[in-house]
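Participant: So Swiss-Prot says this about it:
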| type | residues | note |
| --- | --- | --- |
| BINDING | T263, S264, G265, T266, T267, G268, N269, P270, K271, D493, R508, K599 | ATP binding site |
| MOD_RES | K179 | N6-acetyllysine |
| MOD_RES | K182 | N6-acetyllysine |
| MOD_RES | K182 | N6-succinyllysine |
| MOD_RES | K199 | N6-acetyllysine |
| MOD_RES | K340 | N6-acetyllysine |
| MOD_RES | K478 | N6-succinyllysine |
| MOD_RES | K510 | N6-acetyllysine |
| MOD_RES | K544 | N6-succinyllysine |
| MOD_RES | K544 | N6-acetyllysine |
| MOD_RES | K570 | N6-succinyllysine |
| MOD_RES | K570 | N6-acetyllysine |
| MOD_RES | K599 | N6-succinyllysine |
| TRANSIT | 1-49 | transit peptide |
Amino acid sequence: MAVYLGMLRLGRLCVASLGARGPRTPLSRPWPNSKLQGVRAFSSGMVDCTNPLPIGGLSYIQGHTDSHLVNKTVGECLDATAQRFPNREALVIIHENIRLNFAQLKEEVDRAASGLLSIGLRKGDRLGMWGPNSYAWVLIQLATAQAGIILVSVNPAYQASELEYVLRKVGCKGIVFPKQFKTQQYYNILKQVCPELEKAQPGALKSERLPDLTTVISVDAPLPGTLLLDEVVAAGGKEQNLAQLRYHQGFLSCYDPINIQFTSGTTGNPKGATLSHHNIVNNSNLIGQRLKMPAKTAEELRMVLPCPLYHCLGSVGGTMVSVVHGATLLLSSPSFNGKKALEAISREKGTLLYGTPTMFVDILNQPDFSSYDFTTIRGGVIAGSLAPPELIRAIISKMNMKELVVVYGTTENSPVTFMNFPEDTLEQKAGSVGRIMPHTEAQIVNMETGELTKLNMPGELCIRGYCVMQGYWGEPQKTFETVGQDRWYRTGDIASMDEQGFCRIVGRSKDMIIRGGENIYPAELEDFFHKHPQVQEAQVVGVKDDRMGEEICACIRLKSGETTTEEEIKAFCKGKISHFKIPRYIVFVEGYPLTVSGKIQKFKLREQMEQHLKL
């Protein structure tokens, strides 16, 4: 089986699901006859400049712990960086022509945080941010943390039913969005859920379907029932409001929740992975250390980020790494654009480039690729999906990115747990997802017995450490099914570990589809297709694709006597589910491959579809 690379599995998780062995057993409950659980207390070790090794010939490894974890809030990190590098360029929003140094960014964030408090939001309230990459996104991310408000990262492609679910799930008190981006009309979509908005007093919405939602903030246009973001920020500049902010900050703790990022599993319903300041600050600090940022000059710390900010890769690996390490964050476009990413590297002298494999494929295939200047670029991060070894080699050779690193993680782990060192060899980068991060434990266990596997033997990858989320918002049972009392997080990924501690992801224990870095959950789509009046049953699988990694294939069995077409099924999807969830392939079938007990064998179904589609 091909090795899986670059897998920052944004949204991968382990939930209770019925499989051949029945319900998944939480890790805190002992497996039968288990003798080796990998339960080992953190001990002193080397700092993150040498390589920890597996212990005792078994698939257990512990990252170094001599460098201390940081007990600061996000706001304290921004304050410290602004004091240390006040005139260093902090943020460049190329498509909005915005440039701020760290002193200016801190001032703007303080005003925005003060403004949010002035309109009645308080510590612990949930505020959704819904839209493409923008200055407003970064501002709200940092301002909510500064005020103790919990940011809810909302996928900008969500349609009305998806938006309603996540806002209700976490009880959002407020939401921020632009009026429109491309064909996505945010205000009109929200009105489908909250028809009361149009006649509501700004800041005093009373919605039947979203009873917790009172405050709607528009980024760029005065709209009925909304507050304008500029006015909120302006109100925050008043001295009495800034004094209120300083008062509230005295009650913040680094262990407070700061961010809810939605992730899902084969059961289909999204769950809100809840992360604290401590989770995110330390993960971003350790990412930057692994990238050797503390030893770099300002000119060497210019990160080009074409990845979405609602994902961990963008918000933690991008924004927070910038805040903690004083790196310049360059947002190249509101949504991914390969040409704009190349222009940012060339014109802004970018030194690091983040991206998913699909993004890098598009960048390498730009018609005018050879006309861009790559003299400043030295490395970057590839994550989010399957990255073939040939792609890793092409990026390094064609883009001068000798310090490219492959990253693996999950939303529930803040997110990064394995990562290459920049100096790792080409073969080490092309053949693994790197080495364990500091202050993190990993073990690979037999899924039947729970015992540690021997080196180079596959099993389920489990993670423990500061990085593990606080839990799924409002779902203690699902949290326990994923993170037991012993705090081991079960990733659901099948992995192996070699003698040097390199981790290889060799498979998945669930049927999640990863299309161009987006996690697609088959059960969610299957439930959706069952709403079609002519559909008897639907099964969704991922089939291989050279560009996207995987594409969605819907295998549909129609009701007796009914007929429909591929085009009609796709038309049924538009406007009801996110564009990236609409299947590329629709195949009408008479039945599905089954086990003796009647369970559908999705791996066989996938094979059948790839043969049928001649992939």
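Any Cβ shown, glycine's included, is placed from N, Cα and C.
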Participant: Near K570 (N6-succinyllysine), which residues of its chain come within a Cβ-Cβ distance under 8 Å, counting only those 6 or more away in sequence?
Facilitator: I582, P583, I586
Participant: Nearest to K340 (N6-acetyllysine) by Cα distance: which of the recorded positions N269, K478, K510, K544 is it?
Facilitator: K544
Participant: Cβ-Cβ under 8 Å from K199 (N6-acetyllysine), same chain, 6 or more residues apart: which ones?
Facilitator: P224, G225
Participant: Checking your reading of the structure: which of the modified residues K179, K182, K544 lie inside a 10 Å Cα sphere centred on K271 (ATP binding site)?
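Facilitator: Final answer: none.
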Participant: Name the one residue among T263, N269, K510, K544 whose Cα is closest in three-dimensional space to that of K182 (N6-acetyllysine); these are the recorded positions.
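Facilitator: Going through T263, N269, K510, K544 one by one, the closest to K182 (N6-acetyllysine) is T263.
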Participant: Around K271 (ATP binding site), how many other CB atoms lie within 10 A of its CB?
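Facilitator: K271 (ATP binding site): 27 neighbouring Cβ atoms within 10 Å.
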Participant: At the level of the C-alpha atoms, what whole-angstrom distance separates K544 (N6-succinyllysine) and N269 (ATP binding site)?
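Facilitator: It is 25 Å, counting Cα to Cα.
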Participant: Which three-state DSSP class does K199 (N6-acetyllysine) fall into?
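Facilitator: K199 (N6-acetyllysine) sits in a helix per DSSP.
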Participant: Mind checking which of T263, N269 has the fewest other CB atoms within 10 A of its CB? They're the binding-site residues.
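Facilitator: With the binding-site residues T263, N269, fewest surrounding Cβ atoms within 10 Å: N269.
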Participant: In angstrom units, rounded to an integer, how far apart are the Cα atoms of N269 (ATP binding site) and K478 (N6-succinyllysine)?
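Facilitator: So the Cα of K478 (N6-succinyllysine) lies 12 Å away from that of N269 (ATP binding site).
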Participant: Given the recorded positions K179, T263, K510, state which is nearest to K478 (N6-succinyllysine) when distance is taken between Cα atoms.
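Facilitator: Comparing Cα positions, the closest of these recorded positions turns out to be T263.
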Participant: If you count Cβ atoms within 10 Å of the Cβ of K510 (N6-acetyllysine), leaving out that atom itself, what do you get?
Facilitator: 19
Participant: Helix, strand or coil at T263 (ATP binding site), per DSSP?
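Facilitator: It is in a strand.
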Participant: Tally every other Cβ atom lying within 10 Å of the Cβ atom of K179 (N6-acetyllysine).
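Facilitator: That number is 16.
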